[in-house]
Protein chains: 2
Amino acid sequence: MIDRTYTGDVTPEMDGETVAIAGHVHELRDLGGLVFVIVRDREGLLQAVFKEDREPALFEDAEDLGAEDVVRIEGEVTESGQAPGGVELVPESLELIDEADAPLPLEISKDVEADLSTRLDNRGIDLRQPEVKAIFTLKSVLMDAMEDWFEREGFVDVDTPLISKGGAEGGAELFPVVYYEEEAFLSQSPQLYKQILMASGFDKIYETGTAFRAEDFATSRHVSEIAMFDVELAYIEDHDDVMDVQEESLRYALEQVAEHAEHELDELGVDLTVPDEDFPRITFDEALDILEDEFGHFPDDPTDLDTKGEKLLGEYFEEQGHPAFFVVGYPDEKFYYMQNVEGDDIASRKFDLIYKGQELSSGGQRQHDVDAMREMMQAEGVDESNFEFYLDALSYGTPPHGGYGLGIDRLVQQVCDLDNIKEAILFPRDPNRLAP
Amino acid sequence: MIDRTYTGDVTPEMDGETVAIAGHVHELRDLGGLVFVIVRDREGLLQAVFKEDREPALFEDAEDLGAEDVVRIEGEVTESGQAPGGVELVPESLELIDEADAPLPLEISKDVEADLSTRLDNRGIDLRQPEVKAIFTLKSVLMDAMEDWFEREGFVDVDTPLISKGGAEGGAELFPVVYYEEEAFLSQSPQLYKQILMASGFDKIYETGTAFRAEDFATSRHVSEIAMFDVELAYIEDHDDVMDVQEESLRYALEQVAEHAEHELDELGVDLTVPDEDFPRITFDEALDILEDEFGHFPDDPTDLDTKGEKLLGEYFEEQGHPAFFVVGYPDEKFYYMQNVEGDDIASRKFDLIYKGQELSSGGQRQHDVDAMREMMQAEGVDESNFEFYLDALSYGTPPHGGYGLGIDRLVQQVCDLDNIKEAILFPRDPNRLAP
């Protein structure tokens with residue numbers, strides 16, 4: 001490796017030591033006889049001060065630098081009250097590692113706010129901004145923590161296929177794939193495979209995967225390619241066991257973010273509240289009552305919460321110290337794979353998690369009685385023949401089970417207070433965006 | 001959760017205690033007046049002994065059970081020299097949780113070896129076999145260990161898109177996707193995105209992702225949907241830095257498997273050797289010399305190692321205590337994204353990792369000089385316009401970098417000594433298999 005110290009590790013205590021830093025030229029300030037070169041690496045910024053009368057040869061090289069050039073600067077660490085971070089380098093050598101083209105398609109060091117579309121068109125440049133990069137460092141901390149929790153709890157990390165013959169929830173929102181001579185589709189959800197694995201005795205699993213939705217949307221919370229964190233567990237009593245897992249894992253992941261992504265939260269200006277109390281679990285009817293009583297709000301569709309309803313409920317619970325809560329039991333959502341309390345006319349064991357006013361995931365106890373599923377499919381007009389592989393696998397003894405799929409990008413959007421979910425994705429995909 | 005103890009946690013020391021176990025009925029032995037019910041859960045097997053004269057009501061229920069029924073049995077732990085594991089249950093209650101259809105499409109408890117195709121057709125049943133499940137528990141331990149290593153070393157966990165306009169290595173082996181009104185393709189490799197992230201200053205990244213290859217193959221080491229572990233790091237001196245990362249992370253992951261998947265290795269009958277010494281790094285020419293001198297073998301294509309050549313080299317190094325080694329520098333593989341030593345006529349900074357006689361990954365130092373890449377593309381007849389998003393992102397200052405993509409399924413195949421890579425994938429995809 002090229003010998004260097006991260007800027008974040010260069011502290012005033014190192015005054016007098018010689019170190020090398022390497023990174024992009026974030027900013028150049030030429031004051032005549034004096035050039036400040038501010039170097040950016042993944043940890044932050046550090047300035048090197050080139051003086052014409054002190055190091056004339058180096059000074060000339062520094063004057064020739066351009067924004068975003070990749071450089072390595074060796075120098076003496078010097079405490080400095082004026083310098084950002086309280087420290088700067090007195091250069092001893094300067095190496096130009098890679099020269100950047102000019103001009104940049106997007107400003108990086110200036111506080112010029114480009115619109116999101118322009119930023120995404122030039123995402124490679126946009127990602128160089130410390131406050132943009134911070135989103136993805138935080139996302140990495142969050143994902144690692146989430147996986148650590150499930151690993152520790154004995155869940156098996158699995159991979160289910162992304163190309164299949166059909167989808168869990170029908171055909172309209174599926175992307176078709178030309179699969180050799182056959183027509184196939186991209187996976188919308190690993191739901192059916194997760195359930196087969198429960199029947200196979202895998203007991204507790206999680207998957208970090210991708211879901212594809214061919215919806216034609218134009219909202220700030222939808223994309224076509226979604227990072228999913230899927231969970232399924234067997235031998236549950238009911239959906240409360242599933243909510244327990246989601247609650248504990250999310251709390252742990254947020255704790256880890258608060259502890260290990262402090263710098264990133266600062267960069268993003270986010271004051272993260274880790275929910276230390278139990279997440280409230282309210283029924284759909286209770287949710288409607290709160291909306292009516294507290295806000296006089298009635299969702300247009302009385303069988304589902306609308307975006308505004310979720311937001312208002314979010315405010316209501318946030319005020320009581322609960323950034324996250326569950327809504328349990330939705331009317332008119334009787335899917336064949338949902339478990340319902342007998343005789344109940346709602347999907348009584350289905351739940352949604354709402355975090356900071358936005359739905360992050362759906363889950364519930366699944367139906368494991370194949371006969372009941374076949375009846376439901378016939379009633380719903382679902383073509384059973386597309387699901388034989390699934391029904392068949394579940395017919396040879398399946399323990400009661402449930403699970404959920406958590407949208408990782410939406411979670412990051414909410415944690416980081418981002419206006420648009422695309423900001424939480426390195427290279428997002430939507431109906432109009434297939435590149436970069 | 002349903003109250004139960006895993007069979008693996010029921011030990012002879014618990015003699016006299018009452019526990020409940022839950023799982024599938026692995027085997028039933030009705031000896032007249034005596035029924036052995038062997039219950040299987042994710043940890044193993046445990047038998048409950050039902051005696052007609054001791055518990056007549058329970059005995060009747062036990063006689064009615066069928067293979068693969070899901071049951072919960074509560075009973076007294078009793079030491080028993082004859083029982084597998086030295087312990088059995090004297091039942092106090094028996095609950096039938098879910099009844100299995102009969103007959104099974106595939107035998108589970110019997111030692112009947114079905115052919116792989118039949119097994120994969122009934123994968124949900126096949127995965128119930130302890131020695132099949134062991135592969136995936138081991139795979140999970142391996143993946144978790146691998147991710148832990150990179151997390152600890154400060155690599156950022158990233159996600160790059162799976163649907164894109166073009167591919168890294170051309171169009172013939174790409175799966176087309178109907179993307180709204182446009183034609184798009186499934187990702188063959190995250191290579192270009194990983195490099196853009198290096199230009200963006202992400203410094204060190206890893207990705208657990210999926211690669212799709214529309215090749216029309218029929219070998220025991222190819223599939224259409226591949227689990228990949230991709231790595232990229234910047235500020236390298238050369239490809240040796242990349243090999244160091246791969247070597248250390250693989251050694252760590254194998255150590256963890258040896259330590260935490262002992263039971264699974266036993267189940268699979270695998271004696272895992274963790275390479276404790278440095279992996280040998282030989283040039284392609286040295287590889288040819290060894291094949292010629294030691295085995296009289298000449299690959300048909302003198303610019304690449306053939307399957308037999310890899311296998312022979314594997315044996316050669318294994319005998320010297322090296323299950324893994326690198327082959328560095330391949331002729332006729334001058335891709336535009338490969339870094340070469342100036343004037344060299346081979347891809348001198350490219351390397352392959354061979355583990356137990358099979359290539360697991362390719363990697364190398366990448367080209368970060370955009371002008372050199374454009375020249376190379378023109379020479380190779382590659383349409384630059386498909387790559388503008390990539391060339392553009394790299395043109396604004398890119399540090400020297402390199403990386404590799406490791407095929408996780410192949411690694412598991414090699415670790416577990418499996419004949420076919422499909423055995424290492426829960427629901428594999430090939431030109432003839434799109435379900436389950």
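Going from the start of the chain as shown, residues are counted 1 onward.
A Cβ is built for glycine as well, from the same backbone N, Cα and C atoms used for every other residue.
Bear in mind that TrEMBL entries carry predicted annotations, made automatically and left uncurated.
Range with TrEMBL annotation region 'Aspartate', chosen from B:55-58, B:191-194, B:203-206, is B:191-194.
When TrEMBL records B:Arg213, B:Ala214, B:Glu215, B:Arg221, B:His222, B:Val223, B:Gly407, B:Ile408, B:Asp409, B:Arg410 as binding ATP, the matching candidate from B:Glu153, B:Glu277, B:Glu359 it lists for that site is B:Glu359. Chain A comes within the C-beta cut-off of under 8 angstroms for none of the recorded positions B:Pro84, B:Glu215, B:His222, B:Glu359, B:Ser362, B:Arg410. Nearest to B:Ile408 (ATP binding site) in space, judged by Cα atoms and limited to the recorded positions B:Pro84, B:Arg213, B:Arg366, is B:Arg213. When secondary structure is read from DSSP and collapsed to three states, B:Glu215 (ATP binding site) falls in the coil class.
For the ATP site listed in the record, the two most distant Cα atoms among B:Arg213, B:Ala214, B:Glu215, B:Arg221, B:His222, B:Val223, B:Glu359, B:Gly407, B:Ile408, B:Asp409, B:Arg410 lie 20 Å apart. The binding-site residues shown are B:Glu359, B:Arg366, B:Arg410; of these, the one with its CA atom nearest the CA of B:Pro84 (site 'Important for tRNA non-discrimination') is B:Arg410. Sequence-distant neighbours of B:Arg213 (L-aspartate binding site) (same chain, 6+ apart, CB under 8 A from its CB) are B:Glu173, B:Gln188, B:His222, B:Val223, B:Ser224, B:Ile226.
In the shown protein chains, 24 other C-beta atoms lie within 10 A of the C-beta of B:Ile408 (ATP binding site). Residue counts for the region 'Aspartate' (B:191-194) under DSSP, helix first, then strand, then coil, are 4 helix, 0 strand, 0 coil. B:Glu215 (ATP binding site) is 25 Å away from B:Arg366 (L-aspartate binding site) when you measure Cα to Cα.
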